[in-house]
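K.L.:
Have a look at this one.
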Amino acid sequence: MSDSGPQLDSMGSLTMKSQLQITVISAKLKENKKNWFGPSPYVEVTVDGQSKKTEKCNNTNSPKWKQPLTVIVTPTSKLCFRVWSHQTLKSDVLLGTAGLDIYETLKSNNMKLEEVVMTLQLVGDKEPTETMGDLSVCLDGLQVEAEVVTNGETSCSESTTQNDDGCRTRDDTRVSTNGSEDPEVAASGENKRANGNNSPSLSNGGFKPSRPPRPSRPPPPTPRRPASVNGSPSTNSDSDGSSTGSLPPTNTNVNTSTSEGATSGLIIPLTISGGSGPRPLNTVSQAPLPPGWEQRVDQHGRVYYVDHVEKRTTWDRPEPLPPGWERRVDNMGRIYYVDHFTRTTTWQRPTLESVRNYEQWQLQRSQLQGAMQQFNQRFIYGNQDLFATSQNKEFDPLGPLPPGWEKRTDSNGRVYFVNHNTRITQWEDPRSQGQLNEKPLPEGWEMRFTVDGIPYFVDHNRRATTYIDPRTGKSALDNGPQIAYVRDFKAKVQYFRFWCQQLAMPQHIKITVTRKTLFEDSFQQIMSFSPQDLRRRLWVIFPGEEGLDYGGVAREWFFLLSHEVLNPMYCLFEYAGKDNYCLQINPASYINPDHLKYFRFIGRFIAMALFHGKFIDTGFSLPFYKRILNKPVGLKDLESIDPEFYNSLIWVKENNIEECGLEMYFSVDKEILGEIKSHDLKPNGGNILVTEENKEEYIRMVAEWRLSRGVEEQTQAFFEGFNEILPQQYLQYFDAKELEVLLCGMQEIDLNDWQRHAIYRHYTRTSKQIMWFWQFVKEIDNEKRMRLLQFVTGTCRLPVGGFADLMGSNGPQKFCIEKVGKENWLPRSHTCFNRLDLPPYKSYEQLKEKLLFAIEETEGFGQE
């Protein structure tokens with residue numbers, strides 16, 4: 001009994017806490033050839049449940065931080081260093097780990113850690129024998145008296161056995177997610193040290209902190225559920241020092257007196273007297289605990305909480321339920337929670353923070369849907385104006401049909417052509433068919449187009465150009481229908497598809513992406529293929545889904561990926577205006593150090609959409625389409641981007657600025673991320689005054705600057721990727737609005753056109769299920785119609801010709817409704833064939849419920 005006092009005093013000295021400053025200097029990491037851009041490493045330091053992180057260094061294998069981190073340690077603590085690589089769109093990757101024993105480091109440095117620089121070897125997480133690099137750190141601010149070492153080595157060796165593997169493995173059963181011990185493990189270890197016979201005798205005050213400790217300690221993580229929480233958990237108080245460790249004992253004599261240091265909020269070394277429990281920490285007054293909860297203190301002085309209702313413990317202080325929530329118990333004794341506002345239930349206990357985050361997510365989702373709906377409406381008028389000419393029956397831009405040909409319309413409203421000379425019919429227009437099936441040019445010849453769309457021919461052998469076609473000997477200037485042909489939009493599309501077929505490569509490529517990391521997976525795969533491979537047929541695979549890609553999966557991939565890459569939240573693009581939800585390049589995209597690589601990737605992706613005839617979810621501004629077409633932008637293009645700035649330039653153009661006394665110079669200011677910079681429109685423009693004579697030049701230059709300010713590098717990177725897949729000259733006979741429709745499709749859903757061009761299998765137009773279906777389509781709003789269209793066809797965009805020109809895996813494929821299944825089945829879709837499997841429901845309400853559930857909740861491919 002006489003030896004117990006000194007032993008406990010010695011352990012109190014060894015468990016006394018002090019600050020340690022760790023300066024993470026630099027690292028030398030092993031290169032990974034699979035990572036093109038290099039890792040973005042940062043260091044996480046964990047010790048005794050604490051976790052501190054450094055800033056990240058972008059794209060380097062030799063990072064330098066020189067960042068100080070302060071932690072609370074004891075002489076028996078063990079530091080764990082983890083080097084992570086930050087990932088933008090997925091979880092961070094662990095590059096290597098290293099451990100450091102403070103006790104051994106103190107012994108090797110004369111019990112003082114004052115600016116001690118150490119180089120630690122990083123090892124792999126899965127293979128500890130693999131060297132991943134070196135990490136340099138500096139330790140400072142810790143000092144221990146020498147008598148602690150001479151008298152306390154045995155206690156140190158015993159007490160440090162708790163965390164020997166805490167750094168080598170991430171799933172240690174005795175260490176929680178951030179390194180803190182469970183309450184039962186801590187209690188068991190403390191009893192062994194306090195009551196064991198091998199505890200050495202130490203003098204008081206052996207461990208002295210060289211710096212004042214921190215005023216508070218971060219809360220420990222949630223422990224495992226204890227074996228018993230009814231009342232005070234049972235503990236074994238035998239003389240051999242064993243303990244059950246189910247929970248920290250609560251029937252011990254706890255000294256609740258506070259010293260002068262405790263009142264100031266400092267951490268006090270634990271004083272154990274006669275086997276009694278530790279002194280609890282002086283906690284700040286908080287809100288009362290919910291009913292059924294109790295606050296306790298374990299033998300390390302750590303506060304934990306007991307839920308007597310659910311019979312569990314946790315380190316986190318419980319919060320009361322948010323307003324409107326109620327806790328209930330079902331017939332099997334399971335606890336669930338009821339939200340009386342939304343009339344929903346959940347197994348997970350809600351918190352104020354989780355409810356607030358959910359409400360914020362709902363608000364952002366509704367705002368995004370509203371923005372997209374406004375964007376969709378923007379294209380309705382444009383399409384009507386675009387096709388006004390093609391709907392004029394008195395004017396045919398292709399000219400008259402060849403002799404012996406006749407144009408007819410079938411019962412479904414589709415146009416076909418009759419050749420009375422050979423008595424055959426065909427869908428293709430003979431005027432465009434002959435132009436698409438021309439003979440190949442001689443070797444060394446190339447056909448190009450002027451700005452007006454007139455074809456001319458380049459003889460690379462003699463380095464000459466001519467309008468005369470070397471195949472026919474006729475001049476392209478004399479071919480009137482050819483010029484009219486390139487001015488008709490539908491014919492332009494056919495001609496463009498013809499050239500895409502000429503550039504296409506045989507076979508196909510597989511693109512495997514997951515929905516959770518769609519952006520990053522698509523970026524890695526598209527940039528890993530050569531441009532020629534990306535011209536092959538695309539075979540998109542979503543792992544875990546049974547869909548076979550006959551065109552429908554690729555359509556959804558383009559739709560989903562375009563929604564991701566063009567999201568303004570990534571700071572690569574921004575909305576063109578407050579009320580204009582078209583996109584343009586964000587001048588502040590440089591805050592992402594890899595933004596030029598992403599713009600090259602987006603250029604490839606947009607060109608792939610045009611090349612493969614797929615649609616994207618979001619469109620660009622008209623000036624950006626002009627840049628794709630290599631057409632100049634001017635003052636008129638500024639009106640759709642910045643109306644206020646446009647009106648001010650119009651005022652300058654129409655008024656005498658000299659009479660108004662305006663002092664303007666050939667210099668403008670721009671603000672990016674709060675920083676204002678001056679830009680000269682011409683050399684020494686800050687000293688050149690704008691006058692009536694040169695204001696036209698000023699207006700032209702300032703309009704060009706406004707449309708291209710700060711995005712020159714991004715635009716160049718975009719076109720580098722774009723031209724690798726599809727050279728821009730193949731688009732030069734389109735205008736900006738036509739290119740917009742070609743890339744995004746038509747936005748207006750014509751119900752009459754939809755119903756007129758639908759076909760049925762095992763149903764008829766008069767079947768009650770079909771009549772109910774069209775009644776349902778008429779009742780829902782425009783947004784749900786688009787979702788229904790996306791559910792069946794894979795995209796909410798329509799081709800140029802509307803529902804009559806819907807394409808499937810085998811060519812033209814109309815919207816089809818087939819009678820399949822039983823009345824208790826959900827509708828299924830076959831996006832590759834534009835087919836909806838509609839079971840024979842018994843009532844309209846049942847059909848409406850099943851269809852709404854299908855289009856709202858279904859995601860992925862599970863079709864045959």
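Cβ atoms here come from the backbone N, Cα and C positions, even for glycine.
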K.L.:
Could you tell me which of the ranges 485-494, 525-534, 535-544, 615-624 is annotated in Swiss-Prot as region 'MAP kinase docking site'?
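P.N.:
It is 535-544 that Swiss-Prot annotates as region 'MAP kinase docking site'.
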K.L.:
Would you mind telling me which one of Ser62, Ser199 Swiss-Prot calls phosphoserine?
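P.N.:
Swiss-Prot records phosphoserine at Ser199.
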K.L.:
According to Swiss-Prot, which residue among Ser40, Ser232 is annotated as phosphoserine?
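P.N.:
Going through Ser40, Ser232 one by one, Swiss-Prot annotates Ser232 as phosphoserine.
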K.L.:
According to Swiss-Prot, which residue out of Thr74, Thr222 bears the annotation phosphothreonine?
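P.N.:
With Swiss-Prot as the source, phosphothreonine is noted for Thr222.
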K.L.:
Under 8 Å Cβ to Cβ from Thr346 (phosphothreonine), same chain, six or more residues apart: give me those in sequence order, or none if nothing qualifies.
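P.N.:
Listed in sequence order: Tyr336, Tyr337, Asp339.
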K.L.:
Mean pLDDT over the region 'MAP kinase docking site' (535-544): what is the value?
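P.N.:
When the pLDDT values over the region 'MAP kinase docking site' (535-544) are averaged, the result is 88.
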